[in-house]
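Here the structure is laid out as structure tokens; the discussion comes afterwards.
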Amino acid sequence: MDAIKKKMQMLKLDKENAIDRAEQAEADKKQAEDRCKQLEEEQQALQKKLKGTEDEVEKYSESVKEAQEKLEQAEKKATDAEADVASLNRRIQLVEEELDRAQERLATALQKLEEAEKAADESERGMKVIENRAMKDEEKMELQEMQLKEAKHIAEDSDRKYEEVARKLVILEGELERSEERAEVAESKCGDLEEELKIVTNNLKSLEAQADKYSTKEDKYEEEIKLLEEKLKEAETRAEFAERSVAKLEKTIDDLEDEVYAQKMKYKAISEELDNALNDITSL
């Protein structure tokens with residue numbers, strides 16, 4: 001952008017130089033008019049003083065005529081130079097307007113890109129929170145599985161104890177009363193284990209429901225992240241388009257600089273011709 005602004009300043013400086021040269025051309029034109037008037041006065045004086053020298057008077061008349069023709073040519077060239085300056089002013093104005101529009105589009109694209117990056121960062125933080133929660137849920141599930149395995153082991157041990165009691169009931173009828181008490185204790189433990197098993201089963205079902213819920217949320221966040229990625233790609237595309245527009249503007253300004261240089265050379269040639277014409281008039 002700094003390079004573009006410098007180029008625009010150079011164009012404005014060239015425009016001011018062209019205006020100064022046009023004003024100088026006007027001054028040269030006025031000087032030529034004064035010189036022409038002076039020649040006319042000298043011609044009149046010579047006509048009064050040298051009535052007999054018609055050849056010299058005719059020579060001075062031709063010189064005045066040539067001076068008038070050169071003056072007309074100088075006026076035409078000065079007019080053309082002024083028209084070129086006006087055209088250059090219009091082109092510079094168009095380039096400045098186009099540059100302003102490109103800067104606005106680029107600023108908008110950069111703002112949208114920044115917003116998309118912020119949204120992506122927020123989504124990433126949300127995903128990390130979900131992952132942490134999922135890890136905690138997995139740890140809870142592992143703990144519940146361990147509790148379930150422990151409950152199964154306890155149940156198996158209870159079954160083995162119950163079978164052992166039954167065998168002892170067959171073998172030891174004399175200890176029937178004691179065996180019945182042990183059986184009641186075992187049955188009570190089995191009931192407690194069954195209740196614990198039911199609780200563990202319910203906890204597992206609750207964990208499965210929570211896992212399904214988190215899975216649904218994860219799918220939703222994935223869709224949101226995908227949408228944000230699409231928006232980010234769109235913002236990047238717009239930014240690339242803005243950069244291409246700026247490059248195009250830079251090329252346009254380079255072309256204008258070439259054209260300004262050509263106009264300067266043209267104006268220089270005009271100035272040289274005008275100087276030559278004034279020198280010719282002065283030499284007369």
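Using N, Cα and C of the backbone, Cβ positions are placed for all residues, glycine too.
Over in Swiss-Prot, the protein carries these features:
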REGION    1-65  region 'Disordered'
COILED    1-284  coiled coil
COMPBIAS  12-40  compositional bias 'Basic and acidic residues'
COMPBIAS  51-65  compositional bias 'Basic and acidic residues'
MOD_RES   SER61  phosphoserine
MOD_RES   THR79  phosphothreonine
MOD_RES   SER87  phosphoserine
MOD_RES   THR108  phosphothreonine
REGION    117-136  region 'Disordered'
MOD_RES   SER158  phosphoserine
MOD_RES   SER206  phosphoserine
MOD_RES   SER215  phosphoserine
MOD_RES   THR252  phosphothreonine
MOD_RES   TYR261  phosphotyrosine
MOD_RES   SER271  phosphoserine
MOD_RES   THR282  phosphothreonine
MOD_RES   SER283  phosphoserine
Cβ neighbours of THR108 (phosphothreonine) where a neighbour is any other Cβ within 10 Å:
14
DSSP secondary structure for the residue listed as 'phosphotyrosine', reduced to helix/strand/coil, please.
helix
Grab the pLDDT values for the coiled coil (1-284) and give me their mean, rounded.
64
